[in-house]
Each structure stands twice: as structure tokens, then as C-alpha cells.
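**Student:** As annotated in Swiss-Prot:
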- 71-93: coiled coil (COILED)
- 10-20: compositional bias 'Low complexity' (COMPBIAS)
- SER2: N-acetylserine (MOD_RES)
- 1-20: region 'Disordered' (REGION)
Amino acid sequence: MSTPPLAASGMAPGPFAGPQAQQAAREVNTASLCRIGQETVQDIVYRTMEIFQLLRNMQLPNGVTYHTGTYQDRLAKLQDHLRQLSILFRKLRLVYDKCNENCGGMDPIPVEQLIPYVEEDGSKDDRAGPPRFASEERREIAEVNKFQVNSKGTQPYLHMYPFSSKLPSHSGCRIPLSRIPCAVQNSNRRINS
């Protein structure tokens, strides 16, 4: 089996020869580095499981005659796994350092800012957001309750509190009136008066 001739022997250099190849090798995608790191972690877990399997199968020297060949074989496997494990940890550290180096210039963005809002009116006051949403939701529930009337036509059907619709009036209801939306209370007062 012969080796391929080098570029110095008269053949044109390949497309990845020279400074472009070195620059391409240096600029590795961070996502591919993370994938390599994930595979390295999986290899570490696999090697560690094999080490524990070897240790579990070893017998303690309790005065039992131990075959020298078996002992040497298991010891060699254990040392090989430990050596490979230390190499994998070094590789993982290099990948970790390279990922941190690539992401070093990026400012961490809070997770709350990554959530897209459907309706943004341009206001930057974060404290005004949740009460506005709650008041809109309350208004929608009040409109739905205002237009829903049960089969008798005398009381609004409270779909939020299904057990209260079986009662003849709100006087016997166990729900405090403060828990019922204002529009339902007002419509109930109009019906009862």
C-alpha cells in the first residue's frame, strides 16, 4: 500500500491547503462544539459504567486463590478505562473553554425578555402589563356572564361557579359576593329589583 504523493511533488494543492484550512479549523461552530461536548459526556458516562461493572465483578482478596491471568487482564482493562476517562475529561474541558471563548462577547439576555408579546403598545412600564391584562380578562368574563342567562331567564348563569346556578338566589349562595365579578353583581341587582 503506497502513500499518496504530497503537493510538493508537483501536484496542485487541494482546496483546503494553506491559511484558509487553518482558519476554517480554528473557527468551529459553537453548536457543533456543544454537540461534541454532549457526545463526550455520553462517552464519559459509558466508560464510568464500564468501570463500575468491572469493579462489581472483581472479587475481594478474602484468602481465595485468585488467577493471576484474570487479575492482570481486569487490571489492564481498568487502567485503560481510567486513562480513557481522563482523556475524555480533558477533551470536555477544552470544548467547554472554547465554547466560553466563543460566547464571551455575548451579553446574557434575561429569559423574560426572550418571551414575545402579541400586543406591545410601546410602553416600557412593566408594572402596567399584568393589571391591564387582568382588567381585560375581567371585562371579557363580565360580558360573557352578562349575556348568558339560564333556562329560567331570571339569573345570569355563572359558568365560573357551576354549583351556584342550582340555587334559587344568591342569598343562599356560599360564595361571597366579593368573589363574583362586578358586572354579574350589578346584573343580579337589576334582575332582583
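Glycine residues also receive a Cβ, built from the backbone N, Cα and C atoms like all the rest.
Could you place the listed features in the three-dimensional structure?
**Tutor:** Beyond the ends of the coiled coil (71-93), by six or more residues, the same chain brings 37, 40-41, 43-44, 47-48, 50-51, 54-55, 57-58 to within a C-beta distance below 8 angstroms of the stretch.
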**Student:** Across the whole of the coiled coil (71-93), what does the mean pLDDT come to? Round it, please.
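**Tutor:** Mean per-residue confidence for the coiled coil (71-93): 93 out of 100.
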